[in-house]
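These notes are about the structure you will find just below.
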Amino acid sequence: MLAIAGLIGCAGALATIAFRECLRQLQWWLAGADQGLVATARALPWWARLLVPTAGGLLAGLTLQYGLKWIPRKGAEDYMEAIAVGDGVLSARQSLVRSASSLCSVASGASIGREGPMVQLAAMCGSLLGRVLRHAMPVSVEHMRLLVACGAAAGITSAYNAPIAGAVFVCEIVFGAITTATLGPLLVSAVTADIIVRQFFGYGAVYAMPHFDFVSGWEVLTYLGLGLAAGMAGPLLLGLIDRARGAFARTRLPQALRLALGGLIVGALSIRVPEVWGNGYSVVNGFLHAPWLWQTVALVLVCKVGATAASAGSGAVGGVFTPTLFCGAALGLLYGTGMHALLPGAAPVPVSYAVVGMGALLAATTHAPLMSILMIFEMTLSYQVVLPLMLACITGYVTAHATGAPSVYARALARNRDDTLRLPPASSP
């Protein structure tokens with residue numbers, strides 16, 4: 001099983017690398033340079049900022065609307081559904097069509113993460129390998145689910161350079177428990193994927209973390225306060241996205257026009273705030289290493305939340321994992337700036353709260369505090385952030401859980417089940 005897990009890790013890593021390269025080529029075609037979406041948006045005139053996300057949304061919607069029309073619905077559509085409640089069979093053709101749609105959305109500036117389709121493609125590799133093995137040997141449903149889970153762990157690792165968090169993500173969120181029977185193959189798959197990805201992109205932190213130290217015991221209380229704020233903000237963010245989905249559904253527009261409308265909203269916001277384009281890696285690194293006025297951070301946060309709700313609510317294929325990190329960083333920076341103004345001695349480095357805020361809001365939305373702690377640690381490669389991160393993540397999780405609001409993945413599973421019940425039989429070509 002471990003050897004098969006390593007093979008899945010290799011295949012999953014190569015699939016995510018191929019997706020990255022396709023995305024890079026699309027962005028190069030759009031801007032003539034590989035400079036990132038935010039830099040591209042800043043260089044465009046206002047009318048192009050409005051037009052590009054709209055056209056990208058329309059193309060993404062057409063890809064979904066007509067690409068899925070003739071595909072028989074065999075297997076689960078989402079990797080979490082295939083692992084948690086399915087038989088481990090993931091529809092390869094649906095995954096490819098949805099990934100193509102995601103390419104159009106992400107490359108044109110939609111406020112969603114590229115990591116969602118990357119994980120889906122890697123999980124698809126695990127499902128395909130399991131189906132091939134079935135012809136040579138008996139493979140139980142439990143083993144099929146584990147193979148898909150190995151692919152998902154490889155995909156998360158490839159997307160975030162976080163092999164430990166990738167394995168824990170699947171255990172904590174999908175399986176609901178960490179056991180030695182599942183953790184071993186997941187770690188092998190994640191480590192294999194990490195080795196391959198680093199051969200292409202090198203070894204380095206996703207977010208370069210500035211140095212900071214605790215200066216007093218009082219600072220612990222300020223991080224607990226940040227966790228409390230993130231725990232209240234998480235359910236509000238997810239609720240806003242759900243309301244946006246409902247609003248788009250009530251328009252009764254065809255799928256292509258809904259995605260185009262979502263792109264139009266993102267484009268309109270980007271005329272004033274181009275930082276809403278894409279997943280926001282460059283903006284978060286800017287939060288950490290450049291001075292920002294709190295008014296500017298607040299404006300960027302509000303517009304980013306609106307852009308994410310518009311993109312995800314319209315039905316664009318992509319994750320909200322990375323936009324959540326963006327919103328957490330902005331929330332943490334605002335909180336740290338306020339604490340520094342009120343208690344300079346207890347909050348000497350406001351940007352440290354940006355990193356901790358990412359983990360706290362992630363824990364509040366995923367209900368997975370251990371994964372959130374490990375994810376931020378591996379993305380920053382900074383041990384000094386772990387202690388305040390643990391405090392804020394646990395506080396954020398407990399606060400969000402106390403509200404009774406479901407996690408982002410529980411909402412997604414429930415939504416997928418409802419959609420499956422409403423779907424008519426597929427058309428024949």
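Every residue, even glycine, has its Cβ placed from backbone N, Cα and C.
As given in Swiss-Prot:
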- 1-21: transmembrane segment (TRANSMEM)
- 44-64: transmembrane segment (TRANSMEM)
- 146-166: transmembrane segment (TRANSMEM)
- 168-188: transmembrane segment (TRANSMEM)
- 200-220: transmembrane segment (TRANSMEM)
- 221-241: transmembrane segment (TRANSMEM)
- 259-279: transmembrane segment (TRANSMEM)
- 283-303: transmembrane segment (TRANSMEM)
- 315-335: transmembrane segment (TRANSMEM)
- 354-376: transmembrane segment (TRANSMEM)
- 383-405: transmembrane segment (TRANSMEM)
Which of 168-188, 221-241, 259-279, 283-303 has the most Cβ pairs closer than 8 Å to the transmembrane segment (354-376)? 221-241
Is the number of Cβ-Cβ pairs under 8 Å between the transmembrane segment (383-405) and the transmembrane segment (168-188) three or more, considering only pairs separated by 6 or more positions? no
Count, for each of 44-64, 259-279, 315-335, the Cβ pairs lying under 8 Å from the transmembrane segment (221-241), and report the range with the highest count. 315-335
What else in the chain is close to the transmembrane segment (44-64), if you only count residues 6 or more beyond its ends and a Cβ gap under 8 Å? 30, 97-98, 100-102, 104-105, 107-110, 254-264, 266-268, 270-271, 274, 277, 314-317
Given pairs 6 or more apart, does the transmembrane segment (146-166) have at least three Cβ pairs under 8 Å with the transmembrane segment (1-21)? yes
Given the transmembrane segment (168-188), which of the listed stretches 1-21, 259-279, 283-303, 315-335 has the most Cβ pairs that are under 8 Å apart from it? 1-21
So are the transmembrane segment (315-335) and the transmembrane segment (1-21) touching or not, going by 3+ C-beta pairs under 8 A with a sequence gap of 6 or more? no
